[in-house]
Amino acid sequence: MPAGPAGKPPTVTPVRVVIALCLVAPFVAMLWVGSYAKVDPTFIGIPFFYWYQMLWVLISTALTTVAYKLWQRDQRARKGGESA
Amino acid sequence: MKDGVNGVALGVFIFFFAAVTVMGFLAARWRKAENEASLDEWGLGGRSFGTWVTWFLLGGDLYTAYTFVAVPAAIYAAGAAGFFAVPYTILVYPLIFTFLPRLWSVSHKHGYVTTSDFVRGRFGSKGLSLAVAVTGILATMPYIALQLVGIQAVLDVMGVGGGENTHWFVKDLPLLIAFAVLAAYTYSSGLRAPALIAFVKDGLIYLVIAVAIIYIPIKLGGFDDIFAKAGEAFSETNPATGKPRGALAPGEAGQWGYATLALGSALALFMYPHSITATLSSRSRNVIRRNTTILPLYSLMLGLLALLGFMVIAAGIKVDNGQLAIPQLFENMFPDWFAGVAFAAIGIGALVPAAIMSIAAANLFTRNIYKDFLRPDATPEQETKVSKLVSLLVKVGALAFVLTMDKTVAINFQLLGGIWILQTMPALVGGLFTRWFHRWALLAGWAVGMVYGTVAAYGVASPTQKHFGGSSAEIPGIGEIGYIGLTAFVLNVVVTVVLTFALNAVKAPVGTDETSPADYTADAGDPGVETELPPATAGAPGGH
């Protein structure tokens, strides 16, 4: 196993905390069923319960995309740091 | 149901079916590689798929014909509770993002084809690897059977299933033909066949859903009317239970069940061998992560599809067998030719996952039972040969299952399969992040989870069934109704942690770990990642 280079960046960084929050948020929102188990307000006739969860498909997609972009930047920065 | 055969719909259905059959056989030549005889080629498509192929393959794999039939059927039967499939698929992607790239890397580095390969390499335990393999095969078989049930539902509605009095052979002939075609091209083309056919399948599915979600509400007077009628229907009392049939939003009592079912199913999905097979066939780590940002498109489609369940009620369709609800809706609402397209979408939607599942189960058998226990010196050529034959056997088994037993048996087993497969998670995902767990503790935890899950599921009664009536039961200690699989999983983890402390304290042998920390982050192009394929000596620890 190769030893990490001296001055290895810390494992927990602000960027990584943001990534973790992006990935955890859908769990909090979806598992808290009580927050959305209701019929009103409806959207074009669709009860809140259904359109809210479908909306979360889009929100969680956006969050995962942000996490992906941040992770890529994080990894690139680290690789650049190692070779320098 | 209308009498007689719907000729136009059947014609369109046969046309699409014939087209994908040709594609299935031609797929063998698609992106052909040099080391044809290796299991990586047949069983993982040469590990070469990019973002879009992987997207279609995973989508075609996870959103099966049975899903299309069962999710709206659940909504049709009980309303809100059936919608858990949507939060379930939302939660899947953050999970994949976190652990699958690590599995991809270590598998590429060491030439692992199955999850059991990884577990054996990580924990140095053939017993644990066998447990994971057997669980995977057991959980996959009924899933394949349900794909055939999906095809049957479509054939029934088209009128080619025959009536009660038809000779069994004539009745089952269409299914036998569909099955033979599927088996033949999977055998010859391996994972490339479903990957190519998935393009057609998903294209058709998206088309049908897009049309259905606009066209049917217009015919039924808009969503306001649809949900008003559905609300009325759900408030009627079910004579069997004395309670209302369902609800438009889950009541206080149903919320634990809803959340635990969503979470448990999300955790289980990527333990299934067929999901892993599709993932490992991708070209790089990034393909997987990028896919978590585009796969949710399928969740959106699933949500729309679920809403069709309400439309079945609003359209006044009454079916005894909920699985016929959606095909019957299409038959009643669409012109014949487009109903044919919709049926083809469901039928082909069954073929893709059935092919991938049989390949995944075959890989498990070949790598983790045949090679580990029966023929340790098997060459890659022999492995591929065995895998091809087993993929046939698995499908014959599934077919026999569907033809000889009642449909509810397949559904019961699939429900159990979900509970079972979740019990492999501590070994697999735990192993990806830490080597702390003891292999014997993992095995014990797995056994406890399996037994608890099976017993608890056996004890669930429903108005129509004495046993296996559902997948939810009271959670001991909390008192709420929750998903049995998740309760079993928590028990499993507790047992594993406690025993790991105990076994480490008495210094029980921990087994050899053939992986190193850097293996979990390696990417394509890194030294040693591409060059080690195919793995001729993957069975020998430290064979690299």
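Any Cβ shown, glycine's included, is placed from N, Cα and C.
These numbers come from a predicted model, not from an experiment.
What TrEMBL annotates here:
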type	residues	note
TRANSMEM	B:6-28	transmembrane segment
TRANSMEM	B:49-69	transmembrane segment
TRANSMEM	B:75-100	transmembrane segment
TRANSMEM	B:128-148	transmembrane segment
TRANSMEM	B:168-187	transmembrane segment
TRANSMEM	B:256-273	transmembrane segment
TRANSMEM	B:294-317	transmembrane segment
TRANSMEM	B:337-365	transmembrane segment
TRANSMEM	B:386-405	transmembrane segment
TRANSMEM	B:411-433	transmembrane segment
TRANSMEM	B:440-461	transmembrane segment
TRANSMEM	B:481-503	transmembrane segment
REGION	B:511-544	region 'Disordered'
Surrounding residues of the transmembrane segment (B:49-69) on its own chain - C-beta under 8 Å, 6+ positions past either end: 85, 143, 146-147, 149-151, 153, 191, 194-195, 197-199, 201-202, 205, 269, 274-275, 278-279, 281-283, 287-288, 290-291, 294-295, 297-298, 301-302, 305, 323, 325-327, 345-347, 349-350, 352-353, 356, 414
The transmembrane segment (B:75-100) vs the transmembrane segment (B:294-317): 3 or more CB pairs under 8 Å: yes
Same-chain residues near the transmembrane segment (B:386-405), Cβ under 8 Å, at least 6 residues beyond its ends: 39, 42-43, 137, 140-142, 144-145, 147-149, 152, 172, 175-176, 179, 182-183, 186-187, 190, 354, 357-359, 361-363, 365-366, 370, 378
Intrachain neighbours beyond the transmembrane segment (B:481-503), with Cβ under 8 angstroms and 6 or more residues off its ends: 253-254, 256-257, 260-261, 263-265, 267-268, 418-419, 422-423, 425-426, 430, 436-438, 440-442, 444-446, 448-450, 452-453, 456-457, 460, 471-475
For the transmembrane segment (B:6-28): best-contacting stretch of B:128-148, B:337-365, B:411-433, B:440-461, by Cβ pairs under 8 Å: B:337-365
Sequence-remote partners of the transmembrane segment (B:440-461) [C-beta within less than 8 Å, at least six residues beyond its ends]: 123, 125, 127-128, 131-132, 135, 415-416, 419-420, 422-424, 426-427, 430, 467-473, 484-485, 487-489, 491-500, 502-503, 508
Non-local residues, at least 6 beyond the ends, that sit with Cβ under 8 Å of the transmembrane segment (B:256-273): 62, 80-81, 84-85, 87-89, 91-92, 95-96, 99-100, 114-115, 136-137, 139-140, 143, 250, 279, 357, 360-361, 363-364, 418, 421-422, 424-425, 428, 471-472, 475, 478, 480-483, 485-487, 489
Stretch in B:128-148, B:168-187, B:294-317, B:337-365 most in contact with the transmembrane segment (B:411-433), if contact is a CB pair under 8 A: B:128-148
Top Cβ-contact partner of the transmembrane segment (B:168-187) among B:128-148, B:294-317, B:337-365 (pairs under 8 Å): B:337-365
Contact set, same chain, for the transmembrane segment (B:337-365): CB under 8 Å, 6 or more residues outside the stretch: 6, 8-13, 15-17, 20, 39, 42-43, 57, 60-66, 68-69, 113-114, 116, 133, 136-137, 140-141, 143-144, 147-148, 150-151, 153-154, 157-158, 178, 182, 185-186, 190-191, 193-194, 197-198, 200-201, 204-205, 207-208, 211-212, 272-274, 276-278, 326-327, 330-331, 386-392, 394-395, 398
